[in-house]
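What Swiss-Prot says about this protein:
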type	residues	note
TRANSMEM	27-48	transmembrane segment
TOPO_DOM	49-62	topological domain 'Mitochondrial matrix'
TRANSMEM	63-82	transmembrane segment
BINDING	His161, Cys196, Cys200, Met207	Cu cation A1 binding site
BINDING	Cys196, Glu198, Cys200, His204	Cu cation A2 binding site
BINDING	Glu198	Mg(2+) binding site
Amino acid sequence: MNTWMNFNLQNSNSPLMEQLMFFHNHSMLIILLITILVGYIMSSLLYNKLYNRYLLESQNVEIIWTILPAFMLIFIALPSLRLLYLLDDSNSPLISLKAIGHQWYWSYEYTDFNNISFDSYMIPSNELNLNSFRLLDVDNRIILPINSQIRILITATDVLHSWTIPSLGIKIDATPGRLNQSNFMMNRPGLYFGQCSEICGANHSFMPIVIESILINSFIKWISSNS
């Protein structure tokens, strides 16, 4: 989860988020090099007294300032395209979970099993325990196994919402009348927190999401006890 004064991305807990962080670092390095180069050229033009009265056009200069940005864009575009394909890749999911956005709570359905569905509301501040997180904890958590491919189907019943778990690299719009899909896998057990990331009304800030990832044996026991 996010912490106080954290200006970086959250720790990655899925292979997809790990790749997104690699791409972020890669693109930031290229942006930094571009900033240094442009800053050096601008400062050189401002502070030196060199000039050329006879330089009206230069084929070489035009070739350089056309090819150099093109190469930089290619180095950014190729990893980006690979990530876009990974985001849409559906690789034989083990479990399908359906998330439905409402004003202002989420409801979930485990479509592979019978009669497993529930609503998930934020726990009010006056009902929190000492070890709970304000505006992030819910009364019913999503229970999912680790190291398993999960397919998430997302829709809404009223207005636009957005189902987001930053540490897993997931952000999918929940649109009324439309079913969106994504895939993810969690590397380690724990709690993963997220929130609705689309302004959806007065209580938009009070739509948290909590995933509890557990071992596959514990997940089977949970399914058996709730079926």
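From the backbone N, Cα and C atoms, a Cβ is placed for every residue, glycine too.
Note that the structure is a prediction, hence the values are computed from the model and not measured.
Shown here: features listed in Swiss-Prot, placed on the structure.
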residue : record                    : DSSP class
His161  : Cu cation A1 binding site : strand
Cys196  : Cu cation A1 binding site : strand
His204  : Cu cation A2 binding site : helix
Taking only same-chain residues 6+ apart in sequence, whose CB is under 8 Å from that of Met207 (Cu cation A1 binding site), what do you get?
Gly101, Trp104, Tyr105, Trp106, Met122, His161, Gln195, Cys196, Cys200
His161, His204 as binding-site residues, winner by CB count within 10 A:
His161
Here the mean pLDDT of the topological domain 'Mitochondrial matrix' (49-62) is 79
Just checking, which of Cys196, Cys200 (binding-site residues) has the fewest C-beta atoms within 10 Å of its C-beta?
Cys200
Mind checking how the topological domain 'Mitochondrial matrix' (49-62) divides into helix, strand and coil residues in DSSP?
4 helix, 0 strand, 10 coil
Extra residues within 8 Å (Cβ to Cβ centroid of His161, Cys196, Cys200, Met207), Cu cation A1:
Gly101, Gln103, Trp104, Trp106, Ser162, Ala174, Gln195, Ser197, Glu198, Gly201, His204
Long-range Cβ neighbours of the topological domain 'Mitochondrial matrix' (49-62) (under 8 Å; 6 or more residues past either end)
none
Taking the centre of the Cβ atoms of Cys196, Glu198, Cys200, His204 as the Cu cation A2 site, the remaining residues of that chain with Cβ inside 8 Å are Gly101, Trp104, Val159, Leu160, His161, Ser162, Ser197, Ile199, Gly201, Met207
